[in-house]
Amino acid sequence: MELRVGNKYRLGRKIGSGSFGDIYLGANIATGEEVAIKLECVKTKHPQLHIESKFYKMMQGGVGIPSIKWCGAEGDYNVMVMELLGPSLEDLFNFCSRKFSLKTVLLLADQMISRIEYIHSKNFIHRDVKPDNFLMGLGKKGNLVYIIDFGLAKKYRDARTHQHIPYRENKNLTGTARYASINTHLGIEQSRRDDLESLGYVLMYFNLGSLPWQGLKAATKRQKYERISEKKMSTPIEVLCKGYPSEFSTYLNFCRSLRFDDKPDYSYLRQLFRNLFHRQGFSYDYVFDWNMLKFGAARNPEDMDRERREHEREERMGQLRGSATRALPPGPPAGATGNRLRNVAEPMASTPTSRIQQSGNTSPRAISRVDRERKVSMRLHRGAPANVSSSDLTGRQEVSRISASQTSVPFDHLGK
């Protein structure tokens, strides 16, 4: 049965979950262009998709920010249609047997720092920096890192005066415990420093394959978060980064040294890793581990140089667009969402089949697990035709980008 959104997009199969709501594959009925469609039941207790769409709109024009194509309500669902992206870094990490080379980690670090800096320049903090929330582009943008999921983003300063939000303690905060900063565990209001500290843990996760505070057992979630907090605070940075270049420990020490309202020196952090990159003799050819694993043959040097120039040009153009973009209406004030439980996907009251305009009489065909894994693997080919025909949308099944064990969840102040 064909499902339509806004009488313009055809709804396909579920491909993932965000902080609030589920994400489906879709296609423009007129052009066949594939898109991602995020749905949220209008009857959900704490509607969030409209707020998230405002965040995305405020971020438009930045490099590595997905474009928003349509927002509105359809039946009993709030809907956001956005640019379709490739696999997440968590997907790719698993594809590469849960270990990235130093070159790949440094290539990613450079772009990820820039994405976080851009969000901060727009007066927001992300508050859920993790591998699942960074996706690679498709086709010609296959080497570009995107940042997604602004369901937990928060305004940290006034757009006009740049007045910073006040320091607070005893906060009930949200995020993913594995990558949360130490101050977040302590219940301190999050600021720019916390996004960057979380990124430091993500980079070491890519280096190590896992973090020392993973896999801890506890009777309750609260006790588990307490154990994670204790392990994280008792693990010296030098121990965490042992066996890896000192730049990683320097990065984390720098992040932890920042005061609450300090503006991080993003250029210093980028240059830290760039200098290491050059000392290692690496080339900015944007060949990541998943490219080599899937296609081991070396590429033409002219192609690699062209891609490097295109990437640098896109970065420059994005910065110009971002600075020239007219200010949009500000999002909700800091703390406007209150202390409700905020980072668990709300269950849908019913399936989209019963709520969104229906037409046609095609039923989805069953797809085996092997076929699903093959399709996910096919997405990893940089520059390959990652899209499928619109007619196959009802038959395409993707593996959720966010596993249950890594979904962001709220956690209470651990000092209580």
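Backbone N, Cα and C atoms are what each Cβ position is placed from, and that goes for glycine too.
As recorded in Swiss-Prot:
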ACT_SITE  Asp128  active site, proton acceptor
BINDING   Ile15, Gly16, Ser17, Gly18, Ser19, Phe20, Gly21, Asp22, Ile23, Lys38  ATP binding site
COMPBIAS  301-318  compositional bias 'Basic and acidic residues'
COMPBIAS  324-338  compositional bias 'Low complexity'
COMPBIAS  350-365  compositional bias 'Polar residues'
COMPBIAS  400-409  compositional bias 'Polar residues'
DOMAIN    9-277  domain 'Protein kinase'
REGION    301-416  region 'Disordered'
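Where Swiss-Prot records a feature, it is marked here on the structure.
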{"residue": "Ile15", "record": "ATP binding site", "Cβ neighbours (10 Å)": "20"}
{"residue": "Ser17", "record": "ATP binding site", "Cβ neighbours (10 Å)": "19"}
{"residue": "Gly21", "record": "ATP binding site", "Cβ neighbours (10 Å)": "24"}
{"residue": "Ile23", "record": "ATP binding site", "Cβ neighbours (10 Å)": "23"}
{"residue": "Asp128", "record": "active site, proton acceptor", "Cβ neighbours (10 Å)": "24"}
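The two recorded residues, Ile23 (ATP binding site) and Asp128 (active site, proton acceptor), have Cα atoms 18 Å apart. When secondary structure is read from DSSP and collapsed to three states, Ser17 (ATP binding site) falls in the strand class.
The distance from the Cα of Ser17 (ATP binding site) to the Cα of the residue listed as 'active site, proton acceptor' comes to 14 Å. Regional average pLDDT for the domain 'Protein kinase' (9-277) in the model is 96.
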